[in-house]
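Asker: Copied straight from Swiss-Prot:
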type: SITE; residues: R12; note: site 'Important for substrate specificity'
type: ACT_SITE; residues: D73; note: active site, proton acceptor
type: SITE; residues: T74; note: site 'Important for substrate specificity'
type: SITE; residues: Q156; note: site 'Important for substrate specificity'
Amino acid sequence: MPSLYLASASPRRRELLTQIGVPLSVLVTAIDESPLPNEAPAAYVERLARGKAAAGLAMLEGRGEDGCVLGADTSVVIDGRILGKPVDQADGLAMLAALSGREHQVLTAVALAAAGGVEARVVECRVRFRQVAPEEALRYWQSGEPADKAGGYAIQGLGAIFVSRIEGSYSAVVGLPLCETAELLREFGIPCWQPVGGNPP
């Protein structure tokens, strides 16, 4: 069975893979995450997921090791505009104001790379926020949670109270669509429900 490497420092993605019984090692890769001119959001997240997986595989091959590398990327999209991680407080508050009382898209791409090639899936979800008062948004920003989150919120954290409805995969909004990820892993010969950390699933 191939070893799985996660090309991400995201603790959320690591926890999701552990949840479905997939042992892994973490590889930290760095790629240029700037959108290309006129790049569609779905194409953007898929390109980044593939790029992270390919960069991780190149790192493995450079060490003379084999394995499968998983890359993923999540973006929040509203009015066709990609909301990345906020650069500062003003940016974070502007994101929350844009999302307040409205529906937005969350796009998550997952890619698996091995010596035989790269396969990817893109999953779209729709999330609706209730109205978020400015003072709430400020308190939320001051919690520290939004600073490193795409779109400036975490559905699995304190930001859950803003979400009135979700259509699609909850785990994809968190950062990894588990149904599609499990299908990809199976294609690459990696089963779910393995013992992780010495405990049976």
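Cβ from N, Cα, C; glycine included.
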Asker: Could you round the CA separation between Q156 (site 'Important for substrate specificity') and D73 (active site, proton acceptor) to a whole angstrom and send it over?
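Answerer: Between the Cα atoms of Q156 (site 'Important for substrate specificity') and D73 (active site, proton acceptor), the distance comes to 17 Å.
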Asker: Rounded to an integer, what is the Cα-Cα distance in Å between R12 (site 'Important for substrate specificity') and T74 (site 'Important for substrate specificity')?
Answerer: 12
Asker: Which residue among the recorded sites T74, Q156 has the fewest other Cβ atoms within 10 Å of its Cβ, if you could check?
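Answerer: Counting other Cβ atoms within 10 Å of each of the recorded sites T74, Q156, the minimum falls on Q156.
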Asker: Give the helix, strand or coil assignment DSSP yields for R12 (site 'Important for substrate specificity').
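Answerer: In the DSSP reduction, R12 (site 'Important for substrate specificity') maps to helix.
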Asker: Which ones in the same chain are close to the residue listed as 'active site, proton acceptor', with CB under 8 Å and 6+ residues apart in sequence?
Answerer: E33, Y44, V45, E46, L48, A49, K52, T108, A109
Asker: Which number gives the other C-beta atoms within 10 angstroms of the C-beta of R12 (site 'Important for substrate specificity'), all protein chains shown included?
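Answerer: Its Cβ shell of radius 10 Å holds 18 other Cβ atoms.
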